[in-house]
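**Q** Okay, here's the structure, questions in a sec.
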Amino acid sequence: MSVFDYEDIQLVPNKCIINSRSEADTTIKFGPMTFKIPVVPANMATIIDENLAIWLAQNGYFYIMHRFDKDNRHEFVKKMHDQGLFASISVGVKPEEYELIDKLSAEDFIPEYITIDIAHGHADSVINMIRYIKKNLPGVFVIAGNVGTPEGVRELENAGADATKVGIGPGKACITKLKTGFGTGGWQLAAVRLCAKAASKPIIADGGIRNNGDIAKSIRFGASMVMIGSLFAGHTETPGEIVEEDGQKFKTYYGSASQYQKGEYKNVEGKKLLVPYRGSISETLREMQEDLQSSISYAGGRSLAALRKVDYVIVKNSIMNGDSL
Ligand SMILES: NC(=O)C1=CN([C@@H]2O[C@H](COP(=O)(O)OP(=O)(O)OC[C@H]3O[C@@H](n4cnc5c(N)ncnc54)[C@H](OP(=O)(O)O)[C@@H]3O)[C@@H](O)[C@H]2O)C=CC1
Ligand SMILES: Nc1nc2c(ncn2[C@@H]2O[C@H](COP(=O)(O)O)[C@@H](O)[C@H]2O)c(=O)[nH]1
């Protein structure tokens, strides 16, 4: 098994067949809808809130609302639908989460997407929740995770998941590999490749994206969608608190399994960081789209499909050469 991560890989260019990068099509069909780019902000409390979810849905981007405003999720689905927007929520696996599914079903508020979001998603608790949602809300597109192995992907797909989310511990606010010794941190891209080969349905590569080029690399190795936290954390629209230090502006970004999210220091597997403030998220999304259009041109194609079969080389520890943007 070859083990590598984003910084160890370079994609190999093919002859360009378009006259302008604007001709390259970055759209992706994911579940019942098509989105502008194959990118989704992480379903974390410092990355997405209701206002940003509305803006993303109105502007052709996928979003997944986090699950930490527990009592508001039912109202959130209703609010999105009242505005003619799609609803995409997260759930956990505890008993009260089953009550939410029952309530949505009883009142016929059916979100388009539900993501089952727990740390160790290769578990009977997740399999049971997938089955419950599929039985009680049969039209919903169910994303389940997180997993880091082909076996995990297959079991969740077999239980009925429509997509699986891959990544155990590669996130920037993550300390899982330090606290437990487990995970895909340091070999996340290779894990995405292994999982995608086993998958018969779409996968989301989750965590470890540090540069826009990593989105193209994720697509090359089989992801249909890429989930990103830290690269989005510093924006005006993301909900992290603004902090000023030595005249410089930062925003807070904390893990969903950090004490800041949990309110207590128990089973902590996440930390808090300060991320430089960087203006509006619309500019970052626009730049991601432009960079992806450029990637498609280097792949010698017109759409994301060209990226999926491009050659690559493994250049361990050498390609960045100390470079930074
Ligand atoms: N992608 C990643 O690498 C990681 C992501 N996270 C994020 O942090 C948030 C909190 O996650 P999580 O702690 O799972 O959520 P919860 O605290 O809601 O836990 C969900 C349920 O799973 C149980 N559980 C959690 N971890 C384990 C485990 N290792 N073995 C057995 N049972 C377990 C919990 O019980 P109990 O608490 O009693 O064990 C609880 O009943 C999520 O948003 C998750 O995505 C967290 C860590 C890693
Ligand atoms: N191990 C942990 N992982 C976490 C936690 N909170 C979120 N996450 C995961 O990180 C990604 C985002 O990664 P990034 O590299 O883009 O910043 C997110 O989608 C989760 O899967 C946590 O507390 N511990």
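Keep in mind that glycine also has a Cβ here, set from the backbone N, Cα and C atoms.
Remember, TrEMBL labels are computer predictions, not curated facts.
On a predicted model such as this, the values are computed, not experimentally measured, just so you know.
Okay, these came from TrEMBL:
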type	residues	note
DOMAIN	5-310	domain 'IMP dehydrogenase/GMP reductase'
ACT_SITE	CYS174	active site, thioimidate intermediate
BINDING	203-226	NADP(+) binding site
**Q** I want to verify one value. Collapsing DSSP to three states, which class is ILE209 (NADP(+) binding site)?
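**A** For ILE209 (NADP(+) binding site) - judged by DSSP and reduced to three states - the answer is coil.
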**Q** Which whole-number mean pLDDT does the model give the domain 'IMP dehydrogenase/GMP reductase' (5-310)?
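**A** The average pLDDT of the model in the domain 'IMP dehydrogenase/GMP reductase' (5-310) works out to 97.
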**Q** Please state whether DSSP places SER224 (NADP(+) binding site) in a helix, a strand or coil.
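**A** Looking at the DSSP assignment, SER224 (NADP(+) binding site) belongs to neither helix nor strand, so coil.
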**Q** Which residues in the same chain, at least 6 apart in sequence, have a Cβ under 8 Å from the Cβ of SER224 (NADP(+) binding site)?
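**A** In sequence order, the residues whose Cβ lies under 8 Å from that of SER224 (NADP(+) binding site) (at least 6 apart) are ILE28, PHE30, PRO38, ALA163, PRO202, ILE203, ILE204.
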**Q** Round to the nearest Å and give the CA-to-CA distance linking ILE215 (NADP(+) binding site) with CYS174 (active site, thioimidate intermediate).
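**A** Pair distance, Cα basis, whole Å: 20 Å.
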**Q** Are any of the binding-site residues ILE203, ASP206, ILE215, SER218 near ligand 2, with a Cβ under 6 Å from it, and if so which?
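**A** Going through ILE203, ASP206, ILE215, SER218 in sequence order, those close to ligand 2 turn out to be ASP206.
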**Q** In DSSP terms, helix, strand or coil for SER218 (NADP(+) binding site)?
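**A** The residue in question, SER218 (NADP(+) binding site), is helix (DSSP, three-state).
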**Q** Can you check which residues sit near ASP206 (NADP(+) binding site), meaning Cβ under 8 Å from its Cβ, same chain, 6 or more apart in sequence, and list them in order?
**A** ALA42, GLY145, ASN146, LYS165, VAL166, GLY167, PRO170, GLY171, VAL226, MET227
